[in-house]
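Chemist: Pulled from TrEMBL, these are the listed features:
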type    : residues                                                  : note
DOMAIN  : 6-208                                                     : domain 'Phosphoribosyltransferase'
BINDING : 79, 104, 131, 132, 133, 134, 135, 136, 137, 138, 139, 200 : 5-phospho-alpha-D-ribose 1-diphosphate binding site
BINDING : 194, 199, 200, 201                                        : uracil binding site
Ligand code: PRP
Ligand code: URA
């Protein structure tokens with residue numbers, strides 16, 4: 001069963017409060033999403049495997065460590081996921097970036113796929129799928145289906161705010177995918193928005209409303 005990690009780091013919680021505030025403008029919203037993504041990436045990469053190496057310091061030869069294991073791929077769910085990519089690349093600049101384009105049909109709330117482009121060596125990478133919001137779970141479930149269909153076998157999902165409904169759906173449909181969340185909120189409202197949430201993440205990131 002996929003594990004669910006809710007980050008309680010004070011910096012993440014503080015920044016998320018400003019992100020939630022409806023008075024926070026696009027520029028600050030975007031900067032803070034970027035910063036929180038970096039902080040979350042720091043936590044999410046805690047289990048990366050290391051290998052022993054020798055390094056020649058100015059003083060002597062030393063036993064040291066470097067990253068080992070599979071290469072990373074970051075996959076934002078368009079559009080809002082784009083806001084989290086640079087924050088992750090700050091820490092892992094060698095990661096490749098794929099894209100899955102989905103939007104929620106406003107009537108049915110079901111995801112509609114319009115774009116997929118992934119690194120060519122999908123089977124060989126560990127993926128982090130990112131989206132600020134996990135609401136009904138439809139978009140995340142569909143994006144992860146899309147990756148698996150193309151050969152991905154190792155996937156984590158990272159979001160800022162999740163509704164319990166979305167977490168349950170993910171655990172049921174993708175039990176192999178661990179979920180990393182900055183805040184687990186109360187519920188969804190009748191329009192499928194997370195309560196209390198932060199509103200429409202895409203619109204707030206890109207200033208489209
Ligand atoms: C938002 C958000 C997620 C999705 C979450 O995207 O960024 O992708 O809704 O909702 P769900 O869990 O119920 O699927 P939206 O469809 O508004 O598209 P956008 O990113 O282009 O604004
Ligand atoms: N998508 C958003 O951007 N916000 C929500 O609260 C739910 C889905």
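Numbering starts at 1 and runs along the chain as it is shown here.
The backbone N, Cα and C atoms fix where each Cβ goes, and this holds for glycine too.
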Chemist: Where the record says 79, 104, 131, 132, 133, 134, 135, 136, 137, 138, 139, 200 bind 5-phospho-alpha-D-ribose 1-diphosphate, what is the longest distance in Å from one Cα to another among those residues?
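Modeler: Among the residues the record ties to 5-phospho-alpha-D-ribose 1-diphosphate, max Cα distance equals 17 Å.
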Chemist: I need the most crowded of these binding-site residues: 137, 199. Count other C-beta atoms within 10 angstroms of each C-beta and give me the top one.
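Modeler: That would be 137, with the most Cβ atoms nearby.
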Chemist: Where residue 200 (uracil binding site) and residue 137 (5-phospho-alpha-D-ribose 1-diphosphate binding site) are concerned, what is their Cα separation in Å, rounded?
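Modeler: Checking the Cα atoms of residue 200 (uracil binding site) and residue 137 (5-phospho-alpha-D-ribose 1-diphosphate binding site) gives a distance of 15 Å.
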Chemist: Going by a 10 angstroms cut-off between Cβ atoms, which of the binding-site residues 131, 200 has the sparsest surroundings?
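Modeler: Relative to the other binding-site residues in 131, 200, 200 has the fewest Cβ atoms within 10 Å.
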Chemist: Starting from the Cβ of residue 139 (5-phospho-alpha-D-ribose 1-diphosphate binding site), draw a 10 Å sphere and report how many other Cβ atoms land inside it.
Modeler: 27
Chemist: Pop the Cα-Cα gap between residue 199 (uracil binding site) and residue 135 (5-phospho-alpha-D-ribose 1-diphosphate binding site) into the table, whole Å please.
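Modeler: Here the two Cα atoms are 11 Å apart.
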Chemist: Residue 201 (uracil binding site): which of the binding-site residues 79, 131, 133, 137, 139 have a C-alpha within 10 angstroms of it?
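Modeler: Taking 79, 131, 133, 137, 139 one by one, the ones whose Cα falls within 10 Å of residue 201 (uracil binding site) are 79, 131, 133.
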Chemist: Using CB under 6 Å from any atom of ligand 2, narrow the binding-site residues 79, 131, 137, 200 to the ones that qualify.
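Modeler: If the test is a Cβ under 6 Å from any atom of ligand 2, the answer is 200.
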Chemist: Roughly how many Å lie between the Cα atoms of residue 199 (uracil binding site) and residue 133 (5-phospho-alpha-D-ribose 1-diphosphate binding site), rounded to a whole value?
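Modeler: If we compare the Cα positions of residue 199 (uracil binding site) and residue 133 (5-phospho-alpha-D-ribose 1-diphosphate binding site), the gap is 10 Å.
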Chemist: I need the neighbours of the uracil site defined by 194, 199, 200, 201. Which other residues of that chain put their C-beta within 8 angstroms of the C-beta centroid, in sequence order?
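Modeler: Along the chain, the qualifying residues are 132, 133, 161, 193, 197, 198, 202, 203, 204.
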Chemist: Do any of the binding-site residues 131, 139, 194 touch ligand 1, in the sense that the CB is under 6 Å from one of its atoms?
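Modeler: The ones that qualify, in sequence order, are 131, 139.
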Chemist: When DSSP states are folded down to helix, strand and coil, where does residue 201 (uracil binding site) land?
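Modeler: DSSP assigns residue 201 (uracil binding site) to helix.
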Chemist: Just the number: how many Å between the Cα atoms of residue 194 (uracil binding site) and residue 133 (5-phospho-alpha-D-ribose 1-diphosphate binding site)?
Modeler: 8
Chemist: Return one of helix, strand or coil for residue 139 (5-phospho-alpha-D-ribose 1-diphosphate binding site), based on DSSP.
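Modeler: Looking at the DSSP assignment, residue 139 (5-phospho-alpha-D-ribose 1-diphosphate binding site) belongs to a helix.
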